[in-house]
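Okay, structure first, notes after.
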Amino acid sequence: MGSLEKERTTTGWAARDPSGVLSPYTYSLRNTGPEDLYIKVLSCGVCHSDIHQIKNDLGMSHYPMVPGHEVVGEVLEVGSEVTKYRVGDRVGTGIVVGCCRSCSPCNSDQEQYCNKKIWNYNDVYTDGKPTQGGFAGEIVVGERFVVKIPDGLESEQAAPLMCAGVTVYSPLVRFGLKQSGLRGGILGLGGVGHMGVKIAKAMGHHVTVISSSDKKRTEALEHLGADAYLVSSDENGMKEATDSLDYIFDTIPVVHPLEPYLALLKLDGKLILTGVINAPLQFISPMVMLGRKSITGSFIGSMKETEEMLEFCKEKGLTSQIEVIKMDYVNTALERLEKNDVRYRFVVDVVGSKLD
């Protein structure tokens, strides 16, 4: 046990302005307490939402900003009231690091929907210090917002599961879509989409990948194990697939029409939005009404669901398809990610990188 009373500094890579360019930044870690873990970051995934934040696409960014919310690390020290973790444990943490602990979502293991949640970066913690993310040597996180990484899952493979993995696992469970035999669609084959294929297939679903071009067909069918592939501009193919899917994960992070995909859903089908888009999406209401279809959304998952998802992935042998990079490559990686030039998630080897 440690008191965690002394102030610590660390070095991360931060954006200073909406250009989004990251460079070394040394800063003080937030005040720590008896429920906190002091963690050495081992690996951190690179998510498309990191781009939205560092470039102020949502109009709420504060600088300097150290991004990164798919974090796996090693516990260096624990507070006096920590009961679940010990020094040396390998743990993961995600985009939410605080909540009010008293609202309905918090009391029902859905703390990610707390209106007073604290983001792991680009936010302010309860002690007034800015939160900073996982593109850094060390972090401090409360015990409630940490999960143990199962043995057998490599750190760099586990990191994307903290966001991309649970983003698809949670709605499948919450919306009653976990049973085998369902027919699902994955719109967009990126970091979240490729995990959607893997997790849905592991649940026994028939999976159709829907993409804007034919270039990912072989990857989707032969490498990820999808059952079918649709090109959204193929009018005949889209027409043949009308009323064929129980659900579609819409992972696309840019404005796009919804009508072509609503048409693919069966009666009571669900279009589940998971891509962050800072502009209105449009559809005509009869496409929803006449099939009792739902357009809904889902945001990551609870810590309980994250634990379940990690065990599920371990049991099924599921891992992320990744490209491991050093921190000095992260700006190039962000540029490539904007162009969808990655299969399928960049992961920063933080512990193996020179940070200053």
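Positions of Cβ are set from backbone N, Cα and C atoms, glycine also.
Of the residues Cys114, Cys163, Swiss-Prot puts just one in the Zn(2+) 1 site with Cys47, His69, Glu70: Cys163. Cα to Cα, Val192 (NADP(+) binding site) and Cys163 (Zn(2+) 1 binding site) are separated by 8 Å. Within 10 Å of the C-beta of Cys103 (Zn(2+) 2 binding site) there are 16 other C-beta atoms, taking all protein chains into account. Here Cys47 (Zn(2+) 1 binding site) is positioned 21 angstrom away from Ser212 (NADP(+) binding site), judged by their C-alpha atoms.
All protein chains considered, the CB of Cys106 (Zn(2+) 2 binding site) has 20 other CB atoms within 10 Å. Each residue in Cys99, Arg101, Ser102, Ser104, Pro105, Asn107, Glu111, Asn115, Lys116, Lys117 lies on the same chain as Cys100, Cys103, Cys106, Cys114 and has a C-beta within 8 Å of the C-beta centroid of that Zn(2+) 2 site, without being one of the site residues. If you check the binding-site residues Cys100, Cys103, Cys106, Leu189, Lys215, Ile300 against Cys163 (Zn(2+) 1 binding site), the ones with a Cα inside 10 Å of its Cα are Ile300. Looking at Cys106 (Zn(2+) 2 binding site) and Ile300 (NADP(+) binding site), their Cα atoms lie 15 Å from each other.
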